[in-house]
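K.L.:
Straight out of TrEMBL:
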type	residues	note
COMPBIAS	B:85-95	compositional bias 'Polar residues'
DOMAIN	B:656-719	domain 'CBS'
DOMAIN	B:764-813	domain 'CBS'
REGION	B:1-20	region 'Disordered'
REGION	B:63-95	region 'Disordered'
TRANSMEM	B:148-169	transmembrane segment
TRANSMEM	B:202-223	transmembrane segment
TRANSMEM	B:253-271	transmembrane segment
TRANSMEM	B:314-337	transmembrane segment
TRANSMEM	B:349-374	transmembrane segment
TRANSMEM	B:394-417	transmembrane segment
TRANSMEM	B:438-459	transmembrane segment
TRANSMEM	B:511-531	transmembrane segment
TRANSMEM	B:538-560	transmembrane segment
TRANSMEM	B:572-595	transmembrane segment
Amino acid sequence: MRSYIALLGLILTLSGQFNMLLAGKKHSCEKLLADLGDAQSKFIYCATTKSVPVNLCEGCVDLYRNLTNDYGNLIANANCSKRYLNSDRINIVATTQGILTSLWQKANCENCFRDNFWIVYSDNSTKLQNCLESASSDLVCFKCKNDYVSLNDFYLSMEKKVGGSVCFDLQDNMNRTRLNWSKTLKCCQREVKLTNFLIAVGVVVLLPIFTFYITAVVVTKRREANHGLLNEQEPELDAPSTSTLITAAVLSTSTEDPVAISARTEKIANVLIGAGTHLLDESSDEEPPRGKKVAHSPASDYSSDDEPLEKPKRA
Amino acid sequence: MDDRKALITLDGESSAEDDPIILQKEAGPTSKAVQDFGLHQREEPSTSALARRATLSGNNHLLDDSQPLLMGNNSVPPDIPINGSAGSPNRNINSSEPIFHLRSRTAAASTPNYESLDYEVCENTLFQDEQRKRLTERFSLRKDIIRWIIFIQIGIITALIACTIDIIIEELSIRKYTFLYNSVKENVPLSDASDRDLLIPYLYWLLFSIVPVAFGAAMVTYIEPITAGSGIPQVKSYLNGVKIPRIVRIKTLAVKAIGVITSVVGGLAGGKEGPMIHAGAVVAAGISQGKSTTFLKDFRIFKAFRDDHEKRDFVLGGGAAGVSAAFGAPIGGMLFSLEEAASFWNQNLIWRTLVASIISVFTLNIVLSAYHGLNDFTFTGLFNLGKFDTPLKFDYFELPIFMILGVTGGLLGAAWNSLNTKINKFRKRFIPWKIGKVLEAVVVAMMGVTLACLMIYFINDCRPLGNDPTNNPVQLFCEDNEYNAVAALWFQTPEATVRSLFHDPPGSHKILTLALFTVVYYVLSCATFGLNVSLGVFIPTALVGAAWGRLLAMLTYYVFPQAEFLHPGKYALIGAAANLGGVLRMTISLSVILMETTGVETSFFFPLIIALISAKWVGDYFNEGIYDTQIQVNHVPMLTWEPLPQYKGLKAREILSKPVICIKIRDSANYIYEMLKKCDHNGFPVVDDVCGDRRSEGRVCGIILRSQLIVILLKSLYVENKRFWLPETSIQTFRDLYPRFPSIKSVRKLDEKINYTVDLSMFMNPSPIRVNPHDSVPRIFQIFRALGLRHLLVINHENRIAGIITRRDFIYK
């Protein structure tokens, strides 16, 4: 029977119906909810009032613990959690709690309480504050430098340990300290001394960069000067264009040594004469014009006629 | 010009005729005009003399003893670059002897002798036998399944290589920049410690740049020069059908990977995306072959894929997988390979490519998530530009502004391209030595470091710590709790800089900082691309664009402080898109890649496209994209999508090369041997009905490739000893030697086999693509381009060979 009731209750709750059977538990649930609301409002008050300079983690840690406790209690009670969580679209309880928790997490507050970070940091910080207050204004940089550096070093080591997510209280405090140190007190004296660097840049630019390109240009010009052709014009990296070739072909006269031509044609003529009869037998039907011409023309004439004959194909 | 036309017409008419006498008659009257051309051709007379002698001596021996000797004296080196007007002797001459080194007038196109790839499947008898055999097998789908497996493997291995490159670069860069950061921190001169000097970090920085860059440049220069640059132009040419030597070897991959790691770590202005595409292509080509010639290892798998045609598809998939791995953008990768690389594709190929891309991205996510310690596989891509926190919105009045940004990008990109081309021309002329190339890479690295260091030291741009994420907040001369924004820009890899330009909150930099940074990076990236190091151009271009986009937004905001819509990250993104469009001139894949890497909403696609398109249009008005420019500068005979305008209205007979060196269907081994030795052509028409030795007039019955002929000679596949080899010869006999076919020099002299005969009917491709001399050039260009041909035979009405058209004939100079 009990299980039936519980099952029914579950069904009814899920369907959003108000179940009179759970009325007995209602009282305690309401109390838990009220506790949570109270804790939330206190935490919010604390967080807002301690927002600048940020003192969230250290100042509100107790309230936050209460808040998580109350929320835990509410969750732990199965009936209440059923009733207040995922009850409707807006889901107020979970949303407000989520906002507050995320605020806490965004500030990396838990990292404040790891490894006594907070205590060591505040020790160092107080030391520095005391020093800053006690020292006269013209000596403050010199006197408090050690304190500042040790605080800074501690901060950096802490940053390394927590992987950059330092508790925001400390971040804020450190930022303020640094700003105070460097802007207000003007103690961060970094000197712009770049003479050596500039000399080095000059050397680098002049020697390798300029030398390299100038050498390359000079050597190439030298090399090209050895080629008479390349001296005047751009080196021909590409083959000449088709149209250039054609124009050149049309314009050019014989580039060949006439002696060579006549020597060769003479040779051909000899062959032809030697094989004269054979030629007529074999190929008279194929190339009568040539055969006849060859037979009774001087060698030079023959060459000028012959060459075009093999040329008509390509232009 | 008129003369030439007359000649061409004459030529065509005469070649259409079969009777030589007609030729003689026609040639007679025009001999005056012809003569000029003839004189230009110096080596011709000797050939003709020789040929005539052969004719006269009765034409009985084709290759008698005296002829090789004569050829040896008078023959011309086969690849004389300027034989544009190479004449062909009339047909009674070429009947006796193959005429070598014959090219059409357009053949002078390229000085480096690029060869084509054989994308045409040689469907000879052996191939058909294999196909039939496969049909009878139970698992006839096996080849398709294996193809899928290979594509998946390509995706995985490409991603693994990309991961390796990425992780090594990341680790080394973190170490380098942390060291420099600490060095700067320790060496800032303070008032009480004056012995510190900022020279030291500068020197360290120089050292950390020079050493890796010198190493990488030396490797690229001395071990494998083909790996220089981004690799995308090379892959593109390869897919277009140009054989780029050594592009897909394992050695290339190794050098490329090490080269890109060293140069990115060295801090050159470049990215690792282009090299990753090349790496993907190499992986694809390697895996699909199932063997490595370098390691002399044959795994005896994937034998069916050992030809150019199959390999091409895999390489395409590999390129896509590379892009996807580089950007974490699978769809962008696929589109990139379609838009930029692929010359031939179909539906199945796209599908497989997409799967390879997705697998690649998935693998990458797993590995990088594990490396970064994430439990869910959400680490997307190497070049993840970071998701915008707030959804990017735009108002309608911003569209003209985006367009103006696009126009700016087009102008800047065109200027970049032309400047880069000029710089590379300078390099080619003045720095031809290998050691000079290495030194130049070092010099550019030094220049970069020097400029960066000058900027960091002299611009005092201090920003409060903690507002924006900075890896190495260098304090330098700033107050405590502040960091130097200039150093924050420089002390990271270029990708990280792009990311911070996109996502840093408004007011992270001074206007002066960003302006100087833009100028410096523009010049640096221009000087870097074209160095002998393996580096991509994508990242620096995006970086420059993001910088000036952001700068424009900041300037406008400075002038009109009430303009709230000027979100600097948004304008950085648009600027990057515009600049990329101006330099690379890609639109579809770029916008998809940018969308996928930044995770912007689909509604923001429109502004991206507006910027990209206007950049592309403006840029195209001035010059071509950087990849095409590179291809042109290197004289790669790439076939464009459309025939060149100079070819409109021409006919096949006006561009063909002839006479063609042919082989009889049953020809003597000696003839083939001598011919292969003397000419370096790749395809030879197989003819029958040959009258005597006049092969160039034969009737076409097929085409045979040089590689096949060499295999025939090497394996002695002669008619006389047919019974020994016939049973075990299959198409595999020819595939085994792929892709590095031996040269003819490795064939022993045919001493006792000199009289043997080769019957080509079994080996030749019996169905070559043929066109007629009167077909229009644009038409045959389409055939050639679409089918990825290497040889296109031109035949006359009698099916006799009239000429041959190859890739060269479509390249106009």
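Just so it is clear, glycine is given a Cβ too, placed from its N, Cα and C backbone atoms.
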K.L.:
Determine which residues of the chain contact the transmembrane segment (B:511-531) at the Cβ level, with the cut-off under 8 Å and only residues 6 or more beyond its ends counted.
P.N.:
217, 228-230, 268-270, 412, 416, 419-420, 423-424, 427, 437, 440-441, 444, 447-448, 451-452, 455, 459, 461, 485-486, 489, 537, 540-541, 543-544, 547-548, 550-551, 554-555, 558, 626
K.L.:
Between the transmembrane segment (B:148-169) and the stretches B:314-337, B:394-417, B:438-459, B:538-560, B:572-595, work out which stretch tops the count of Cβ pairs under 8 Å.
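P.N.:
Of the candidates B:314-337, B:394-417, B:438-459, B:538-560, B:572-595, B:314-337 scores highest.
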K.L.:
Determine whether the transmembrane segment (B:394-417) and the transmembrane segment (B:572-595) share at least three Cβ pairs under 8 Å, counting only pairs 6 or more apart in sequence.
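P.N.:
Yes, since the transmembrane segment (B:394-417) and the transmembrane segment (B:572-595) share at least 3 Cβ pairs closer than 8 Å, they count as touching.
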K.L.:
Six or more residues out from either end of the transmembrane segment (B:572-595), which same-chain residues have a Cβ under 8 Å from its Cβ atoms?
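P.N.:
That would be 323, 327, 329, 331-333, 335-336, 338-340, 385, 392, 402, 405-406, 408-414, 416-417, 498, 501-502, 537-538, 541-550, 552-553, 602, 604-605, 607-609, 611-616, 618-620, 624-628.
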K.L.:
Go ahead and report the DSSP secondary structure tallies for the domain 'CBS' (B:656-719): helix first, then strand, then coil.
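P.N.:
Summed by class, the stretch gives 22 helix, 19 strand, 23 coil.
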K.L.:
At a C-beta cut-off of under 8 Å, are there same-chain residues at least 6 beyond the transmembrane segment (B:202-223) that contact it? List them, or none.
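P.N.:
The answer is 176, 179-180, 183, 251, 255, 258-263, 265-268, 434, 437-438, 441-442, 445-446, 448-450, 452-453, 531-534.
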K.L.:
What same-chain residues lie close to the transmembrane segment (B:314-337): Cβ under 8 Å, and 6 or more beyond its ends?
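P.N.:
Same-chain contacts beyond the ends: 150-151, 154-155, 158-159, 161-163, 235, 238-239, 248, 272-273, 276-285, 287-288, 305, 345, 349-350, 352-354, 356-361, 363-365, 380-384, 586, 588-589, 592-593, 595-597.
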K.L.:
Other than its close neighbours in sequence, what residues sit by the transmembrane segment (B:349-374), given a CB gap under 8 Å and a spacing of at least six beyond its ends?
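P.N.:
Distant contacts of the transmembrane segment (B:349-374): 147-148, 151-152, 154-156, 158-160, 162-163, 166-167, 280, 313, 316-318, 320-325, 328-331, 333-334, 337-338, 342, 380-382.
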K.L.:
Give residue numbers and ranges for long-range contacts of the transmembrane segment (B:253-271): same chain, 6 or more residues beyond its ends, CB-CB under 8 A.
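P.N.:
Same-chain contacts beyond the flanks: 161, 164-165, 168-169, 172-173, 176, 205, 208-213, 215-217, 219-220, 223-224, 227, 231, 278-279, 282-283, 286, 383, 441, 444-445, 448-449, 493-495, 521, 524-525, 527-529, 531, 533-540, 543.
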K.L.:
Could you tell me how many residues in the domain 'CBS' (B:764-813) are helical, how many are strand and how many are coil under DSSP?
P.N.:
15 helix, 16 strand, 19 coil
K.L.:
Any idea what the model's mean pLDDT is for the domain 'CBS' (B:656-719)?
P.N.:
85
